[in-house]
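Taken straight from TrEMBL:
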BINDING   111, 113, 118, 159  Mn(2+) binding site
BINDING   113, 118  oxalate binding site
DISULFID  32-49  disulfide bond
DOMAIN    63-213  domain 'Cupin type-1'
SIGNAL    1-22  signal peptide
């Protein structure tokens, strides 16, 4: 009887661990190509799936990641995503990709991906990157990356990327979700719709209300 109880406990622990670590459900078929047709599709993990017999090579294909993104914006950066919206065949596969272009001194501001870890490789230029751990310590991990260097951002942690060169920079990143999501901290806090009450933000940031009003106008 004791052996049975131990075995049951091990099985329950394994199931709990599996559920805790699975951000995107594991597929139960070869693929599940996403479609917007609610009449002829089956709803799986956020998308409807087309009949596998109707799938073709274009469902798993994206063209143009060799083209630089437009960095003519205040941040001097541009992200080109390749997720389930661009490649329907990524649905249920739990992966996606981005290309990140930087103008000189361009920035990807502090943000999080709520559903994915990220692994980044620098293709060109020099990047100063980092992430901050959760509130128990708020430790900052940073590194200066050059061409060919790789860095990992754990799921859900605030991270950033800055081009510290006087030339352009390019990086590619893989993410552990078909739809990792992104929350840019400044946009979310100061640009929410409707706006967060200045009374909340003045107390949270310990600044004057005029500062909060100014920041909210920027977003």
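Glycine is treated like the rest: Cβ placed from N, Cα and C.
Where the annotation comes from TrEMBL, it is an automatic prediction and has not been curated.
Annotated Mn(2+) site 111, 113, 118, 159; additional same-chain residues within 8 Å of its Cβ mean position, judged by their own Cβ, are 112, 116, 131, 153, 157, 158, 180, 182. Summarising model confidence by region, the domain 'Cupin type-1' (63-213) averages a pLDDT of 96. The distance from the Cα of residue 32 (disulfide bond) to the Cα of residue 111 (Mn(2+) binding site) comes to 30 Å. The candidate set comprises the binding-site residues 111, 113. Of these, 113 has the most other Cβ atoms within 10 Å.
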